[in-house]
Amino acid sequence: MIQQRTLKNTIRATGVGLHSGDKVYMTLRPAPVNHGIVFRRVDLDPVVEVPAKAELVTEVTLCTGLTCNDAKIQTVEHLMSALAGLGVDNIIVELSSAELPIMDGSAGPFVFLLQSAGIVEQDAPKRFIRVLKTVEVTEGDKVARFTPYEGYKLGFTIQFDHPMIPAKQSRQEIEFSTLAYTKEISRARTFGFMRDLEYMRERNLGLGGSMDNAIVLDEFRVLNEDGLRYADEFVRHKILDAIGDLYLAGGQVLGAYEGFKSGHALNNKLVRALMADATAWEWVSFDSPATPDPVEYATPAYA
């Protein structure tokens, strides 16, 4: 039996936006059953609410951003990833700016915040999106694909011509569970190349980026003094991003995801393609104690 989850307590954090460089105050609040994940721009008058839905994605350049009633919410993928990892279904995310705080560039600080607030089960079954047939989208040589699978599994392959990202560290798979997510994926940081800095700054991107919140590489090496958290941290972060992007489907996917050089744009295209084909998926719940749980979530952490 898998129940919906929300926070036990309200919790707050402060940080800077990776791309905007703006300081942002974030408040995470509990929400009722079937409320879903909703972002709230409290700096606007009137306040605007933006549901975490794939169809509202309008920004896919180096982040995933949502727009609703002209209000933007940028760089949602790391928090969305942490919410998926801990099985949180219902939450209100209040922001004083358009972009979520980047924290350390991973989902680890968001996991800590959510666990510190406490996670509680609610009196309603969690709703899953079960993949019924293969759905694939491509863009050049990039591929993102869902296939039917009893559980939730993610595989990802990256290709970078860089000595710090050899082929043997460019492929990773994970059988999704809270334990696997928190240990193997959540601490993997976003990364960028010095050669791309000029491109980003011309587009007002990465203005809040630093070695405190990203892995930075020159042509030969990692420039961060503390090095990497995992030998294959780069591909693990791509899985972290994918978990967040796919959670915008409006529920936890049950199926196998495969990404080859995929990014935010293709991940969003895949979710939209899945949801657009009514024969490709169905809503399911597991509200009988006799039914095996398809995904292992950690016991709720009561703060």
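Quick reminder: no glycine exception, Cβ is built from N, Cα and C everywhere.
The annotation active site, proton donor is assigned in Swiss-Prot to H264. Around the Cβ of H264 (active site, proton donor), the number of neighbouring Cβ atoms within 10 Å comes to 22.
As annotated by Swiss-Prot, Zn(2+) binding site applies to H78, H237, D241. In the three-state DSSP scheme, H237 (Zn(2+) binding site) is classed as helix. Counting only same-chain residues at least 6 apart in sequence, those with a Cβ under 8 Å from the Cβ of H237 (Zn(2+) binding site) are S106, A188, R189, T190, F191.
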Based on DSSP, name the secondary structure state of H264 (active site, proton donor): helix, strand or coil.
helix
Among the binding-site residues H78, D241, whose Cβ has the fewest other Cβ atoms within 10 Å?
D241
